[in-house]
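Student: According to TrEMBL, the record shows the following:
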- B:Cys105, B:Cys110, B:Cys146, B:Cys150: [2Fe-2S] cluster binding site (BINDING)
- B:1-26: region 'Disordered' (REGION)
Amino acid sequence: MNDEKKLLNVTIDGVELEVPAGTTILAAAERVGAVIPRYCYHPGLSAPAVCRMCLVEVEGAPKPLASCVQPVQDDMVVHTNTAQARKARRAAVEFLLMNHPLDCPICDAAGQCELQDYAFETGQLKTRYVEPKLVMGRDKVTPEIVYFADRCILCTRCVRFMDEIAKDPVLVVINRGQRGYIDTMTGELFENPFSINIVDVCPVGALVNEDFLFKARAWDLDQTASICPGCSQGCNVSLGTKEERIVRAKPRFNPEVNSYWMCDHGRKTVINWGAGARIEVPMARDGDELKPVDWPQALDALSEAIGNEPGRARAIVSAGASNESLFTLRRLMEELGSDGGVFRVPTGPEAELPGFPKLKLRRDRVPNAKGAELLGFQRSDAVFDSAQGHRGALFVLEDTLEGAPDGFGTNAELFVYIGTRLNPAARSADIVLPSTTFAEMAGTFTNFEGRVQRFEQALRGPGLARPWWLTGSALLERLGAGGRYRTAAEVFAALASEVSEYEGLNYEVLGLKGAGAPGSSAAATAG
Amino acid sequence: MSDGLHPAVVSAQPSQRDEKNPDAPLFEGEYQDRLEKILSRYPFKRAALLPVLNMAQQVRGWISPDTIKRVAEILELSPAYVRSVASFYTMFQLRPAGKYLIQVCTGIGCDLCGAEDVVEGLLKATGTRIGETSADGKYTVVEVECLAGCGFPTMVQINDRMYENVKAEDVEGLLKELD
């Protein structure tokens, strides 16, 4: 067992470094910034060394070694980019391209394709192969994933994901050599709650998600660090956006939460989160009608209504609202005298990823139930009961009000609806304020175990929609109840100084990987 | 053990039966004994996959999806894995073949000595295309890489019997000999 701690000396491309015993050459090389080309190797999977792409020259070795499986030995001298290593890789790429259709112009993976990258790098602009190419066609492997057999380089990453991580060994290589392809036992479709990860691990364009097929070129997408709102797990994701729309979500590596993976439910939730007609302007009641107004008018109307002392405040909030927005509402309710707020949590069946059991599609299909709880809101199965007969001030923050009883909110002296969609029940509000989705603002969610994670703004909100913490803090300033916050970071700092569970946390500590509970006192793994 | 075979050879016993029943019971009676013998040779069940598939093909003539599932069950493997292995080796028939499976070597040696003409002659005489079974269900002609008889080109294997030095003009006689 002492071996594990032993440090070995290794020289890679002239740089000397010490690595723990058992480190592969590939991993050691990454530490000195030498990225060795690879196809079959994926950091989240085992390495079978089948692609022969990561060959490097090691002094004293009779032939190039596969760096993804070769452990470093003491005093090893490695050259990752000598003529011998380059020649070996060039040959590997040449074989892979032999029957490859070279259909990059219509391939979804173009621009993010490792085959493209390395073919370019090895400089083979022309093929020496003159025989007709083998054509194999395409097929679906799940209802959502299309497999292009011609593009496949048989790296078996997808096979190993299903085998080792999903523990559902449905995918295998059929036949051998150039006739090889990936398929299931019967050739029928398979289903798995984590299936789309095989698209992520595919280094080429062989496995593509139909949801994204022909939607956008990889280089046209803006990438934004975010958090998946699909359940209380809080998977770290990267939002790919184009022309103010989310076109895809990919998992962002976080060893504490989701590793390299995320579930299919989450991907769909991210894409559909802001879809549909949105509230784009503030509205204030004028007799029987809601009339569009601008923000100063809306805030005037709201502060006047609050000045009239409508009575104690109750709220229905969404557990999809950010901590900052929830905190701002809590402050406002405290001004009026808070009667407490409730939130509801839609649930669904749980699904675990057996190869990385920390990651589950959780029962609670909202991102911030824990955050709402820590800020003093009550989880409830009957959110409308407490609000229904309430005669004071009633706030609804981002709850859709789906399923609200007839005449909801009509008894309230003041009914304020803050949200993204104007459902019929929201039309009886006195004041309607448009707010933004998680993708249209910066903020934080607190996941099921109390880990606080930041998300960044990826899109502009529609029309005049603003994050509620921004308008709410402007309102609080008018009421003389606190400073005005201009960034979500400032709101969070105020929140952290008031709520003990968040003590010691701020946006810098959170970084992009989050921090806080478990084992807290702000257990920081700053990213 | 009813047939008294040594465990090392039970799976390799060539089956000389031309007529095979694709629905024949697998691993029953005599074959149950053989299966146990095969399993006794290996430290774990997965290692017995090739000989077990081999035996299954002898019994049923080809490796059907049903056979794959049955083998996977017995050896505690995933059916997909069994299909993957079976498809890797061209000796396993993943589609039903004709009564006579005619394998012609088109490797470099035989090819230089006229293997293509032999293939063409066979296809013409049987009225099929490569890999297909003739309408009367009798013949399936396939090309293979090497039959380990490079000194006697062209090599042809029909079911379990090898034919050496086959020329295009021998094809007709060859087929007649079968019936």
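Including glycine, each Cβ sits where the backbone N, Cα and C put it.
Please treat TrEMBL annotations as automatic predictions, because they have not gone through curation.
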Student: Starting from the [2Fe-2S] cluster site formed by B:Cys105, B:Cys110, B:Cys146, B:Cys150, give every other residue of that chain whose CB sits within 8 Å of the mean position of their CB atoms, in sequence order.
Tutor: B:Thr106, B:Gly107, B:Ile108, B:Gly109, B:Ala115, B:Glu145, B:Leu147, B:Ala148, B:Gly149, B:Pro153, B:Thr154, B:Met155
Student: Let me know how many other Cβ atoms fall within 10 Å of the Cβ of B:Cys150 ([2Fe-2S] cluster binding site).
Tutor: 14
Student: Would you mind pulling the DSSP three-state label for B:Cys105 ([2Fe-2S] cluster binding site)?
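Tutor: In three-state terms, B:Cys105 ([2Fe-2S] cluster binding site) counts as strand.
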Student: If you count, for each of the binding-site residues B:Cys110, B:Cys146, the other Cβ atoms lying within 10 Å of its Cβ, which residue has the minimum?
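Tutor: Relative to the other binding-site residues in B:Cys110, B:Cys146, B:Cys146 has the fewest Cβ atoms within 10 Å.
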Student: Give me the long-range Cβ neighbours of B:Cys105 ([2Fe-2S] cluster binding site): same chain, 6+ apart, Cβ under 8 Å, in sequence order.
Tutor: B:Ala115, B:Glu143, B:Val144, B:Glu145, B:Cys146, B:Leu147, B:Gly149, B:Pro153, B:Thr154, B:Met155, B:Val156
